[in-house]
Amino acid sequence: MARDRRHGAVTSLDVALLAGVSQSAVSRAFTPGASVAQATRKRVFEAARELGYRPNAIARTLITRRSRIVAMVVSYLENPFYPAIVERMSQRLQRDGYHLLLFISDTEAADALLEQLMQYQVDGIVLVSATLSSALARECARIGVPVVLFNRVDAIGNVSAVASDNVEGGRIAARALLDTGHRNLAFVAGLENTSTSRDREAGFREELARHGVSRYRRAVGHYSFDGARKAARRLFSTGRPPDALFVANDHMAIAVMDTLRHELGLRVPHDVSVIGFDDAPQAAWDSYRLTTVEQAVAPMVEATVALLMDQVDRKSASARRVDVPVRLVVRDSVRGLAG
């Protein structure tokens, strides 16, 4: 039973006195991953239970200058790939005693958003925002805030980044379509100013050229559902329509498939083949069975946390880039490609 403490809340000092350890040992005992003997941890927890003590995260922040909060900035959650990333990132950080603070922003200036982030005294920042990433990351690096780009790269190369091998992913998609006899190809781009869309298209274009295919049609879907539907309509409104599409992510690929089938009366894959990118959960639904280039979420999250913690713990100040391998997940949306 908790002791009756009439002169205020139970503090870590009270726990330390009862357990016969230092106050810093109490703090370490309640910090996941901190160095503390198992016997000491046991005495601290027993004393805490007896006193009814719960750690005060705010007080700990003032003492350690660590909030154990990591901010994650995303543009939007419409793309089903990103809620899965947020969940996995939160779970991974919790294993190390950190908590995820989610910011959804795509319109604020980088300096204004950084001011908001720092009001929470975050220990580090993971940037996923398509349009804010580069500017905000450089500002973080300038003032010494630990930061990692997720699923994007910095063109200048002075910010740590984790991304899939998007160029190779584009090559894989092109090979899959060429090997199954498709020649009249098209690419549905994301946002023109994002490294993900640029790199995926670059790999696609390189592989086509290597096989003697110098031309392909393209339309921009802006990484949005409605944008992808409009892109599909444009590609099939004039001239000879494509017989296969490589779409820069699954969210748009699903929109394209819906438009082809329900609006244009085309069959996938009998009339048109479609390849996506991400392997979002919906790609496996029976309604779509989308063949796609998989982004390996678990290794990407693991690498992101490792790079961020190296900065938080001041083990490394140099920018590093991790490219995570990709693979083709074969389902039923490409004609002639067996799953």
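Cβ atoms here come from the backbone N, Cα and C positions, even for glycine.
As given in TrEMBL:
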{"type": "DOMAIN", "residues": "10-64", "note": "domain 'HTH lacI-type'"}
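Taking the domain 'HTH lacI-type' (10-64) as a whole, pLDDT averages 80 in the prediction.
Across the domain 'HTH lacI-type' (10-64), the DSSP tally of helix, strand and coil residues reads 37 helix, 0 strand, 18 coil.
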